[in-house]
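Taken from TrEMBL, the feature disulfide bond covers CYS54-CYS377, CYS242-CYS255, CYS403-CYS411.
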Amino acid sequence: MPLSVRLTAACQLIASAAAFYHPSSFNPLEHLGGISPTFEPHDPPTSPLPPQGCTPVRAAYLSRHAAIYSNDFDNEEYIEPFLAKLENHTGVNWSNIPSLSFLADWTAPFSKAEEELLTRAGKLEATQLAISLSFRYPNLRLPKRVWTSSADRTAESAQALVRGFELQENTINVVSIYESKEAGANTLTPYKSCPAYAGATGSKQSAEYRQIFTRPITARLNALARAFNFTDKDVFGMMELCGYESVIRGSSPFCNLDLFSPDDWLGWEYASDIMYHYNTGYGNDASGAIGLPWLKATADLLLDSSNSDVEDLYVSFTHRELPPTVVVAMGLFNNSAPGGGDINATMPLDRINHRRAWKSSHILPFLGNVAIERLNCSGSYGFSDGEYYRALINNAPQELPDCFDGPGTSCSRRGFESYLQARVALFDGFSDRCGVDYDNSTDVLTIYTDPAVGTAVGKRFLWG
């Protein structure tokens, strides 16, 4: 082949590769962990449609609340100090620095008073979730109750969902479960009543990698604006503002890939993944015990064939801490499966494990949810007619550990029951594993079946 032809072919190959990974195709908002706006990561890229021949007959969802203006810790630790520093450094001429020129007239997207409050976009997204569920499950009855932890942002997410379900009707009660520190497992915030859990766990490990990935970024920014003296926390807060400002204003200049590159964002994401790994993931011995009560209670509801009072659809709202513990209890997104070994070694603190399964952006974005479906299957090629079960994380069907003998990623009733027994054997005993030091603790979640819960008249009422 002539040299000119070979060179032309090589140039075309390089151009194709560049087009395949063009920075404009990279979306920072899908790599922001718990600050990511609601999205479907398609992890794994399995079809969310029911398997051929299968129809959902019952389903349960555990959802994080929708988008808020800011998280209190993020605001106090990173964003507020950066904003105060920005306000005090009036001598920097930002308009002369191309990638930072927007700071010349940029204003903060939220006030201290709006911290932790649900955004307008968040309310709309929660309403849209109801519409999506209605289309997904056209044959299921609307729920009589929707459960929520008692914080305003979770309760308002539940109310917005109900508006999407009801349209002009007025039949669904919102049951608010008090966020007690002494409720044992019978709550939608069991981590708060688990003494072995500490909210700051994982911060130290995350900070170690944060200092590594931000080092070249701070050096670059300080070369542009030396008087400002950018720190690793400044950079981290600026990148957080990309997420928070986007759910408030629709976009953010902090998301600009000329300011932070795709590799920078992958560094931020990994720092977040480290924190959640040790906080509510496989790096915390209490995680499985915290998440198991919801899994067990939900599985019992889905398996129940004798109780006519069982709902077709269960939806509950909580905070970012509970869904990842449920993921651990279920055995999903596990870096070390199926071989076992030192789970913490799979999340090194000095470099990114690009092949990890544990990605917080794929587990707990705003409105991120865990779902389990009961399917009736008839005429599925290669499978017997009968009852099957499958799990979904943010609308992506998941293959449960040792539970995949059904159509698609589903498993049979017998397989699901066996799977559940194995998970209970691993994580049962909330009170003991959490080191509960208060009276009247419990290891089970009964809010869905307790006749004293959710029987009052009205649109919203407290329990607990």
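If you go along the chain as it appears here, the first residue is 1 and each next one adds 1.
Each residue, glycine too, has its Cβ placed from N, Cα and C.
There are 19 other CB atoms within 10 A of the CB of CYS255 (disulfide bond), with all protein chains counted. Listed in sequence order, the residues of the same chain lying 6 or more apart from CYS54 (disulfide bond) and placing their CB within less than 8 Å of its CB are LEU375, ASN376, CYS377, SER380, TYR388, PRO407, GLY408, SER410.
It is 39 Å from the Cα atom of CYS242 (disulfide bond) to that of CYS403 (disulfide bond). Other Cβ atoms within 10 Å of the Cβ of CYS377 (disulfide bond) number 22 in total over all chains. Counting only residues at least six positions away in the same chain, the Cβ atoms of TYR389, CYS411, GLY415, PHE416, SER418, TYR419 sit under 8 Å from the Cβ of CYS403 (disulfide bond). There are 23 other CB atoms within 10 A of the CB of CYS411 (disulfide bond), with all protein chains counted.
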